[in-house]
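TrEMBL annotations:
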- C59, C63, H150: Cu cation binding site (BINDING)
- C59-C63: disulfide bond (DISULFID)
Amino acid sequence: WLYLREERAQRRRARRRAELRALALGQGDFALLDQEGRRRSKADFRGQWGLLYFGFTHCPDICPEELGKLSRAVALLEREPGLPPVQPLFITVDPERDDVAALGRYVRDFHPRLLGLTGSPEEVRAAGSAYRVYASTGPKDEDGDYLVDHTVLIYLLGPDGLFLDYYGRSKTDVQIAQSVRRHMESYEPLLD
């Protein structure tokens, strides 16, 4: 029975790996500016685990909640000896308002290693497209303010820089940390 259960689990993992390889979100590169004004590319994070969230600094509630959850998950993982570090990343979907300075002010409220990334509208759109992120700017109000409707997911990136899993709003920081730990324990690169 144990043998059959393990064999079934191995087939399930192999099928999941083949599906992810076919999906292969995040294969492209990006070149964006961090909150210090340094140019960062996806290659800078190769070999590292990452948790990535796309959002915007003017978001009234969802983005701060999700970045807080992401930050707590990273902190939980940091408490476990022997686990590799996880790089928290935030890419804006609103480059018109989210310049380097705005990101610098915003990311201070979250994990101390959280990197905020921005760029030209074209650069940001290309980064989002690599992860199939939906973003749509809403109408401006009388003050010129607006919201951005966007994908609300936290992406887990493996050391090869590719998407391994995602976490929606219903997942807690503890559940995310547990999932990341399981992925670390069973990690196999998707690219040969």
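Cβ atoms here come from the backbone N, Cα and C positions, even for glycine.
All annotation found in TrEMBL is predicted automatically rather than curated by experts.
Taking the features listed in TrEMBL, we show where each one sits on the structure.
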{"residue": "C59", "record": "Cu cation binding site", "contacts (Cβ under 8 Å, 6+ apart)": "L147, V148"}
{"residue": "C63", "record": "Cu cation binding site", "contacts (Cβ under 8 Å, 6+ apart)": "Y53, G55, F56, T57"}
{"residue": "H150", "record": "Cu cation binding site", "contacts (Cβ under 8 Å, 6+ apart)": "F54, G55, F56, V93, V133, Y134, A135, S136"}
Shell list (Cu cation; ref centroid = CB of C59, C63, H150; cutoff 8 A): F54, G55, F56, I62, E66, V93, V148, V152
